[in-house]
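> Following this message is one structure expressed as structure tokens.
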């Protein structure tokens with residue numbers, strides 16, 4: 001039992017040592033370097049202002065329409081009804 005405990009503790013120490021060595025090392029006062037950002041600002045598109053008041057009215061009207069009225073796709077027509 002003691003051998004297992006010693007072995008498990010040794011493995012934990014090795015795991016902690018591996019993790020700490022894998023972390024980047026910086027001297028005091030050093031700042032980490034990051035990848036350079038690419039300048040993709042030329043690909044940005046302004047907001048679309050081509051939507052008119054009529055378009056907004058059509059959208060508002062469609063919100064009051066009924067929806068989700070399709071038949072249940074899990075059932076076949078005629079199934080489940082008692083003769």
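Placed from the backbone N, Cα and C atoms, the Cβ positions cover glycine too.
What you are looking at is a predicted structure, and each value in this text was computed from that prediction instead of being measured.
Summarising the annotation, Swiss-Prot assigns signal peptide to 1-22 and lists sequence analysis as the type of evidence. If you look up Swiss-Prot, you'll see 25-51, 64-83 marked as region 'Disordered'. Per Swiss-Prot, N-linked glycosylation site is recorded for 47, and the stated evidence type is sequence analysis. For 54-83, the entry in Swiss-Prot reads region 'Sufficient for host thrombin inhibition'. The feature region 'Blocks exosite I of host thrombin' is assigned by Swiss-Prot to 56-62, with experimental evidence given as support. Residues annotated as compositional bias 'Basic and acidic residues' in Swiss-Prot: 73-83.
Could you tell me the structural context for the features on the list?
Not one residue of the same chain 6+ positions outside the signal peptide (1-22) places its C-beta atom under 8 angstroms from a C-beta of that stretch.
The Cβ of residue 47 (N-linked glycosylation site) has 6 other Cβ atoms within 10 Å, all protein chains considered.
When pLDDT is averaged over the region 'Blocks exosite I of host thrombin' (56-62), the result is 88.
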> Would you mind pulling the DSSP three-state label for residue 47 (N-linked glycosylation site)?
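SS state of residue 47 (N-linked glycosylation site) = coil.
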